[in-house]
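Listed in TrEMBL:
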type: TRANSMEM; residues: B:6-31; note: transmembrane segment
type: TRANSMEM; residues: B:38-58; note: transmembrane segment
type: TRANSMEM; residues: B:64-85; note: transmembrane segment
type: TRANSMEM; residues: B:97-120; note: transmembrane segment
type: TRANSMEM; residues: B:140-160; note: transmembrane segment
type: TRANSMEM; residues: B:191-215; note: transmembrane segment
type: TRANSMEM; residues: B:221-250; note: transmembrane segment
type: TRANSMEM; residues: B:257-278; note: transmembrane segment
Amino acid sequence: MTLKHISGLLCAAAMSFGLASGAQAQDKVVKIGAILPMSGGTASIGAHAKAALEVAMDIINNAHPELGNLPLAKNAGLAGLGGARIEVVFADNQGNPATGQNQALRLITEDKVAAVFGSYQSGVTLTSSAIAEKYGIPFLNSESVAANLTERGFKWFFRTTPIATDFAKIYTDFLADMKATGAKTDAIALVHDNTEYGTSVANTISTAFKDKGQPIALDVAYPVNATDVQGQVLQLKDKKPDVIIMISYTSDAILFAKTMQSLDYKPAILLADDAGYSDPSFIKAVGKISQGVFNRSSWAVGPSGSPSAIIADMYKKKSGEEMDDTVGRQMQGFFVLADAIDRAGSTDPAKIQAALKATDLKPEQLMMGYRGVKFDDKGQNVLASGLIIQLQDGENYVSVWPKANAEKAPMLPYRGW
Amino acid sequence: MSFVLVQVIVGGLLLGAVYALFSSGLTLVWGMMNIVNFAHGDFVMLGMYVAYVVYTLMGGGPLLGAPLATLVLATLGVVVYFALIRDIMKGPMLAQILGTFGLALLLRYSVFWWFGANFLSMPQNIVGGTFAVAGLRIEASRLLAGVVALLVTLGLHLLLTRTSLGSRMLAVAEDATAAQLMGIRPDTMQAIAWAIAAGATGLAGALIANFFYIVPTVGETLGIVAFVTVSLGGFGSVPGALVAGLLIGVIESLSGYLIGAIYKDIIVYVLFLFFLWFRPQGLMGKM
């Protein structure tokens with residue numbers, strides 16, 4: 001009898017202790033949900049992003065005074081929340097818009113995350129952010145470029161990356177410059193997949209060139225994750241455009257590179273819209289037969305000892321990969337979100353939303369080459385910017401345009417293999 | 001006919017031969033034991049990884065990868081048969097579907113865990129690059145795959161129709177109990193069928209690896225094509241898979257070039273459904 005009582009009391013004590021300590025720990029942890037493609041055709045992107053976010057967590061949760069002006073690096077944890085730690089809850093979107101939507105719902109209703117981060121593919125970001133909007137939870141997107149994402153009148157959606165319209169402008173300016181140096185850029189072909197990313201970016205670029213009085217000569221659309229692209233390459237070979245703009249994820253980008261080689265076709269200028277062409281596994285797989293491909297980027301590693309170079313080293317240690325533009329934009333977006341939560345001093349969604357709206361980061365506070373981070377009413381970062389890089393040796397991208405940021409002069413024509 | 005069109009058709013035929021090559025194992029397993037192997041695409045994927053490992057990590061030549069992949073996958077086929085298939089065959093259709101689907105995920109994510117999610121590619125031109133015949137560009141690696149597809153189809157067909165082993169296998173397929181009464185062990189025959197089917201699939205993977213990218217999820221992309229090829233050719237018919245593969249390859253290439261790549265699947269599947277309407281058993285399948 002007594003024994004039972006005592007053990008009962010002990011149990012209760014243990015439980016209340018457990019609860020209390022649990023509650024205390026919860027106060028000290030801010031959960032952020034990250035929806036990424038951890039499986040499916042773009043799983044390599046998800047694996048890289050996970051490593052990048054883990055490095056970002058390390059930087060935020062531990063003291064890293066060597067990173068200078070980068071917000072949250074200097075001291076351990078979020079000062080605005082009494083040194084609370086950031087914890088990322090990873091969710092797999094399988095590259096599928098419906099799955100992404102379900103994961104957003106789970107993160108918000110079950111994991112009770114303070115904010116959602118993701119979701120790589122524009123099509124998945126489209127659906128998952130709609131859930132966050134419905135529940136009134138801040139959603140930060142760092143890498144989806146479909147222009148319409150910030151045209152939906154959402155109040156809880158914030159995007160740090162430069163978007164399709166920014167890049168369309170970069171492409172028109174870049175090609176105008178190339179034309180001025182004597183390159184032929186009259187007939188432009190767009191090659192894109194049929195996803196949200198492929199079609200909307202193609203539309204935006206097509207409109208931008210039309211507005212400049214140079215309508216796109218050829219539009220080649222193909223189904224994503226193609227088994228064969230010989231027909232498309234032969235179409236290009238037949239029509240002989242001067243410039244090809246590729247809007248493709250990794251799998252198709254690799255297949256196009258291989259098929260172009262086997263059918264012996266090279267355009268004078270091959271310009272890629274990031275995505276697959278920035279995936280390090282693209283460079284490892286077919287970099288040597290894609291020499292001279294241009295690509296867009298907002299990432300430059302910077303001199304050794306600079307914050308961006310230190311971060312690149314940390315990332316390489318974690319993932320075994322070189323830092324690329326996509327993971328760079330993801331880490332940058334994550335820092336912006338963490339900084340807003342820190343300034344909000346709370347995990348209350350409305351306060352985080354207000355802090356995001358008030359974000360005003362200067363270039364020296366960033367790891368990416370943006371002119372800053374400041375959101376307009378639609379949630380788009382108006383200071384996002386980028387440059388043109390080129391895979392000259394088939395191994396490493398170097399910046400080639402605009403001239404002010406160029407490490408090397410652009411190499412023409414496209415060399416291939 | 002324009003010159004480019006000839007190139008399109010030649011490309012389509014080579015592509016079709018490859019489709020046929022990686023479909024033969026699927027159709028064989030169906031014909032032998034009425035099992036749809038949802039892990040089929042992932043067997044192709046394993047064949048690709050074996051070839052990759054043999055070539056890059058073990059320093060074996062490109063010609064060693066294919067036989068080794070055949071051997072490894074054939075062994076795996078036997079293991080899978082005894083560990084999984086033999087039991088789920090007795091269960092309802094749903095158990096078979098979920099069982100092989102589970103196997104597919106197990107294989108896919110085991111490779112994922114071991115090799116990571118990165119895209120891999122065989123070093124360039126390990127099988128002779130591309131050569132031009134009368135101006136037509138033909139990739140040696142695809143031609144090799146195409147020739148092997150013909151040989152494998154012929155070999156499997158002869159095995160089933162001309163050898164005593166083939167007769168015994170077909171006997172088991174027709175009526176396992178009756179075959180057992182005649183002194184044939186259904187277990188052994190079905191295990192052999194799995195070894196042959198998985199081996200042929202591994203071989204296909206090793207040859208495809210020479211011109212396709214390698215990634216743990218590649219089985220998803222290729223698996224669907226195999227299912228369409230097999231049902232068009234007739235479930236269980238090895239020559240049917242060859243004819244269907246070539247047909248799909250050429251139709252895909254032609255419609256992709258002439259009408260546009262995003263429409264090519266619509267055209268292939270409309271023709272496919274239309275055809276099955278008249279001939280539900282497929283080109284060469286039995287009712």
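Positions of Cβ are set from backbone N, Cα and C atoms, glycine also.
No curator has checked TrEMBL annotations; they are predicted automatically.
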Cβ contacts under 8 Å made by the transmembrane segment (B:257-278) with residues that lie 6+ beyond its boundaries: 4-5, 8, 228, 231-232, 248, 251
Maximum Cβ pairs under 8 Å to the transmembrane segment (B:191-215) - stretch from the list B:6-31, B:38-58, B:97-120, B:140-160, B:221-250: B:38-58
Contact set, same chain, for the transmembrane segment (B:221-250): CB under 8 Å, 6 or more residues outside the stretch: 9, 12-24, 26-28, 30-32, 36, 38, 40-42, 44-45, 104, 149-150, 153, 156-157, 160, 208, 268-269, 272, 275-276, 281-286
